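Okay, structure first, notes after.
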Amino acid sequence: MQQMPCKFACFFRVIKVKGVTFQQLNFFRRKYVMHHKETLFQQAKLKPASAVPPCLERQRSNEETMIVHEVKSVSPLLPPFSEKPVMNEETLKLTAATTTVAKTVEESAAKEEKDWKEMKLNLDTLPNILARLTKIKLTVLVVGTASAGFALAPVPFDLSCFLLVTLGTGLSSCAANSINQFFEVPFDANMNRTKNRPLVQGQISPLLAVSFGICCAVPAITLLILGVNPLIGALGAFNIFLYSCCYTPLKRVSIVNTWVGAVVGAVPPVVGWLAATGSLDAGSLVLGGILYSWQFPHFNALSWGLREDYSRSGYCMMSVTHPALCRRVALRHCLALIGLASLAPVLDVTTWTFPVISLPINLYISYLGFRFYRDADRASSRKLFLCSLWHLPLLIFLMLACKKSLAHEDKPKQPTT
């Protein structure tokens with residue numbers, strides 16, 4: 001309301017008319033009113049809006065000059081030392097990224113320093129470390145089954161060939177176990193059963209472990225090829241490859257690893273039989289089948305008590321992923337041992353006494369396998385595992401005791417008089 005007199009004055013001054021007309025009272029929509037030949041004429045064109053109020057509009061005859069003053073930038077005030085600087089989002093992200101990169105570099109350097117640090121070996125403890133690296137108990141079992149296969153062959157006993165076979169088989173087992181432990185170091189560290197192995201504890205370097213495995217594999221294969229039989233050397237190389245390069249990675253992929261591992265365990269008695277006879281007979285397959293079937297109740301019962309460790313380490317075992325199948329397979333192969341023992345005299349490996357005297361121990365392990373299948377608890381699996389430890393040596397001893405005697409050679413005919 002205070003601006004209205006100004007508008008009237010400005011309007012009256014600009015238009016310069018003698019009286020006030022109706023168009024001049026139109027405050028809501030101002031328009032130019034022109035005086036032409038004693039009549040009023042309203043212009044149709046709207047007045048453009050001006051940023052300056054009408055009362056302050058002035059006609060400038062001279063050109064206006066704009067003076068621009070340069071203002072120098074002033075640095076922001078620094079906060080007091082007691083206060084933390086204010087950081088925007090971009091600065092925070094950049095700081096976080098820099099910190100993460102620095103931590104990653106430090107962790108990589110620490111890991112590399114740990115992996116490649118110099119290690120001092122004590123010659124007094126080195127034999128014990130190498131024995132644990134090669135799983136000496138398992139190696140003794142492998143050599144024992146190969147020796148049993150050699151002794152069960154229906155041929156005269158050759159001591160030199162026997163020593164070469166046992167030495168080559170033992171070195172092959174040492175090589176496979178050393179390479180196996182090299183691959184499983186990060187996984188063995190998560191298991192209570194394997195966390196004290198030499199490579200996990202840092203008692204031996206990975207380079208030395210692999211070098212020791214290669215130094216065992218090369219003379220083992222050479223010894224079996226040149227000293228015994230090229231086919232036996234090929235079987236030894238195949239077993240090292242199957243155990244270290246197939247069975248080991250399959251443990252984290254599929255439950256098929258159990259069947260592959262059983263094949264690895266069935267090869268040594270076949271190697272012993274082949275070294276003695278020079279050919280793959282049906283008897284060697286029976287002995288290999290017994291070792292193959294025995295491993296399922298032995299290992300499945302063992303893995304049942306280690307399910308937490310296997311699951312924590314990421315191993316794909318039947319006891320973890322297929323517990324019902326684990327128990328069924330163990331019972332199935334316990335019963336298979338009875339059939340294989342009955343098949344041995346049919347193929348002239350043993351006499352008929354063997355299936356009779358081995359029936360009680362085979363029935364007992366089958367009973368424990370059934371208990372394990374029915375109860376599915378740690379106690380039944382423990383009993384089955386402990387039974388398997390003495391079952392195999394006793395079964396092999398009974399086979400050797402009931403071995404079929406050698407065929408009598410034809411005596412030269414006496415000259416008739």
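Including glycine, each Cβ sits where the backbone N, Cα and C put it.
Per TrEMBL, the stretch carrying the note transmembrane segment among 331-351, 352-372 is 352-372.
For the transmembrane segment (204-225), the list of distant contacts is 115, 119, 121, 129-130, 133-134, 164-165, 167-172, 174-176, 178-179, 181-182, 185, 198, 232-237, 240: same-chain residues at least six beyond its ends, Cβ to Cβ under 8 Å. Ranked by number of Cβ pairs under 8 Å to the transmembrane segment (138-157), the listed stretches 163-183, 257-276, 352-372, 384-401 are led by 257-276. Distant neighbours of the transmembrane segment (257-276): 142-143, 145-153, 155, 157-158, 161-162, 164-165, 169, 173, 176, 228-229, 231-232, 235-236, 238-239, 242-243, 246-247, 250-251, 283-285, 287-292, 295-296, 299-300, 316-318, 329; these residues of the same chain sit at least 6 beyond its ends, with a Cβ under 8 Å from one of its Cβ atoms. Here the transmembrane segment (231-250) does not lie next to the transmembrane segment (352-372) in space: the count of CB pairs under 8 Å, restricted to residues six or more apart, is fewer than 3.
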